[in-house]
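**Student:** Okay, handing you the structure first.
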Amino acid sequence: MLNQHTLLISNLLPVGSNISTWWNFGSLLLTCLMLQILTGFFLAIHYTANINLAFSSVIHITRDVPYGWIMQNTHAIGASLFFICIYTHIARGLYYGSYLNKSVWLSGTTLLIILMATAFFGYVLPWGQMSFWAATVITNLLTAIPYLGTTVTTWLWGGFSINDPTLTRFFALHFILPFIIISMSSIHIILLHNEGSNNPLGTNSDIDKIPFHPYHLYKDMTMVSIMIMLLLMVMTFAPNLFNDPENFSKANPLVTPQHIKPEWYFLFAYGILRSIPNKLGGTLALFLSIIILTTTPFTHTSYIQSMAFRPLTQILFWTLIATFTTITWTATKPVETPFIYISQMTSIMYFSFFIMNPLLGWAENKIMMNM
């Protein structure tokens, strides 16, 4: 029976023989999701969604619950690992032209938006200083929506300010959204295996495919082992590496932190938001920074799918990576002279990539045709 099952996996899932390690991040994301749901479930057992008890319940989990510190740290560090994997996954998609499989790319972008919402709700739950103020600042952006803004914000808060109903509904949303992520991931995987994955060359893989098991399965397991090893190393040697010191203080609506900022994985979008000195403009730029990814399948102009053979576009791609990193860095800094200009310049450069990429593809086609 076991041999029959193995044969089924081998025969039903042929995969291109030349896909590199960059194609392993899908399975790493699946591992992260399982890890987050498992640890999240055990944390939810001991967590109390009440503004007076939430902070104390997190301390109780860390100090008193057997292995609670492992659950709490794995969940917090696991979220950062999740975003490292997803950003690498997206970067690989942009570099190798995976976005040309439109249905897979658009379902993946939807997944990213749901994941960011889930992570934001989760960041509010410990009810520390930064949790409270990040929630206040980000949810306040909804008031920029013409006509409906104030109504939508009041509805989300469950009152006229962030209070107990807000925390309760954020906990409910943080609990339910991962199950929507599982459903969306299933759709994402079904759509992917409908046509099959692309490869580093950007050519059709049909002529040279090998069974997923054992070749790619062992490759996946190697990467999963490395990721879990990294997780355990961070958890044991630097458990607060990704934490904000402000969040070790209980939320106080009367004291504003000197510098309000979300978790590191939102800093690029937050940096773009801050660079525009207008509330509605900043909010639009924030949403556009993620939604703009959906335009890439429709603006691809090059005859070549992958950037592996397009040196000019490679320069543009690595400029985007440098820009992303710089925006993230400036968002950690206070809003003052050098950082304001740097974030404005890098924000323009970030959006310029999505305009320059099709233009450069068109120019490369012209160069190739004239050779």
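The backbone N, Cα and C atoms fix where each Cβ goes, glycine too.
Quick caveat, the model's predicted, so the values are computed rather than measured.
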**Student:** From the ranges 133-153, 280-300, pick the one that Swiss-Prot records as transmembrane segment.
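**Tutor:** Residues 280-300 are the ones Swiss-Prot records as transmembrane segment.
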**Student:** To which of the binding-site residues His89, His174, His188, His193 does the lowest count of other Cβ atoms within 10 Å belong?
**Tutor:** His193
**Student:** Taking DSSP three-state, what's His174 (heme b b562 binding site) in: helix, strand or coil?
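**Tutor:** His174 (heme b b562 binding site) sits in a helix per DSSP.
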**Student:** Six or more residues beyond either end and a Cβ under 8 Å away: which residues meet both conditions relative to the transmembrane segment (69-90)?
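**Tutor:** For the transmembrane segment (69-90), the sequence-distant neighbours (Cβ-Cβ under 8 Å, at least 6 residues beyond its ends) are 22, 25-26, 28-29, 32-33, 35-36, 39-40, 42-43, 58, 61-63, 108, 112, 115, 119, 122, 227, 230-231, 234-235, 239, 241-243, 263-265, 293, 324.
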**Student:** How about the transmembrane segment (339-358) with the transmembrane segment (280-300) - do they touch, taking at least 3 C-beta pairs under 8 Å (6 or more apart in sequence) as contact?
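**Tutor:** These two segments touch.
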**Student:** Have a look around His75 (heme b b562 binding site) and count the other CB atoms within 10 A of its CB, chains all included.
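**Tutor:** 20, counting other Cβ atoms within 10 Å of His75 (heme b b562 binding site).
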